[in-house]
Amino acid sequence: MAGIFAYESSEVDWCEDNYRHSETVVEYFNTVSNGVFFVVSPVMLYLLHPYARERNLAVHLVWIMMIFVGLFSMYFHMTLSLMGQLLDELSILWLLALGYSLWFPRRHFPFFVKDRSSFSRMVLVITVITTLSSLIKPNANAYALNCFAIHIIYSLGVEMGSCTNPRAMRLAFQTIGLWVLAISCWISDRFGCSFWQKINFCYLHAIWHVLIVIATAYGTTLLSYLDANYEIPYSQPALEYWPCDSWTFGLPYLVLKGPVKTKKGC
């Protein structure tokens with residue numbers, strides 16, 4: 001059991017040179033780049049609070065989970081331990097499961113699912129089974145997670161087919177563009193390492209961390225906007241950007257311009 005906590009006990013080793021910048025941190029830039037999780041997450045918690053208060057306070061769990069994803073990813077890249085790998089990947093799995101439970105459109109539920117509570121229980125069962133399965137073959141976890149992400153992107157594309165709001169359309173293209181850039185960095189670092197080592201640029205996985213956090217901020221805001229339009233249309237949701245709404249890029253968030261019926265609990 002103690003072996004899974006040992007440095008470099010994971011079979012996964014990213015392109016960055018080990019111990020190059022520190023004697024105690026295996027992958028220095030892959031470790032410190034996780035700091036973006038701790039910067040963006042509190043801001044998104046604040047920006048999405050009006051929507052979460054009106055719709056469901058469980059929305060806050062998404063960005064609280066993102067903080068844990070950043071923490072576990074930092075631990076993994078600092079040690080390259082098997083425990084760090086499992087914590088990193090399983091925290092992402094449960095984050096995705098939470099997103100499915102909160103935002104997957106009701107009209108796309110399987111025929112045998114009657115309401116969101118039943119759907120959430122189904123997602124919980126699948127997530128528990130996937131968690132147990134991941135302990136058997138840890139190296140397959142990252143690829144399975146990216147398959148889940150592809151399904152989310154596909155579902156988002158289906159939803160945007162009936163959307164006419166130009167701001168929402170722009171946000172959708174930005175989200176997909178950021179995700180494509182991020183996954184390209186992940187794949188290139190994983191499978192093109194020899195090339196990047198030749199030109200002495202082994203930092204694509206660190207760039208992936210930054211891009212995927214920003215893509216998540218864009219994606220969760222877009223999902224929140226679509227959800228608010230269907231579930232709380234009286235709130236008249238609108239999209240804006242922080243810190244300046246006129247900027248082409250910023251952190252997107254939801255503004256509720258209509259009357260609200262704030263609930264006291266989750």
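Cβ coordinates are placed from backbone N, Cα and C, and glycine is handled just like the others.
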118-136, 232-250 - the range that TrEMBL marks as transmembrane segment
118-136
Rounded to the nearest angstrom, how far is the Cα of D13 (Ca(2+) binding site) from the Cα of H77 (Zn(2+) binding site)?
9
Examine the transmembrane segment (57-78) against the transmembrane segment (168-187) and state whether at least 3 Cβ pairs sit under 8 A, considering only residue pairs 6 or more apart.
no
Which residue, of the binding-site residues D13, E27, has its CB surrounded by the fewest other CB atoms within 10 A?
D13
Cα of E27 (Ca(2+) binding site) to Cα of H205 (Zn(2+) binding site), in Å and rounded, measures 10
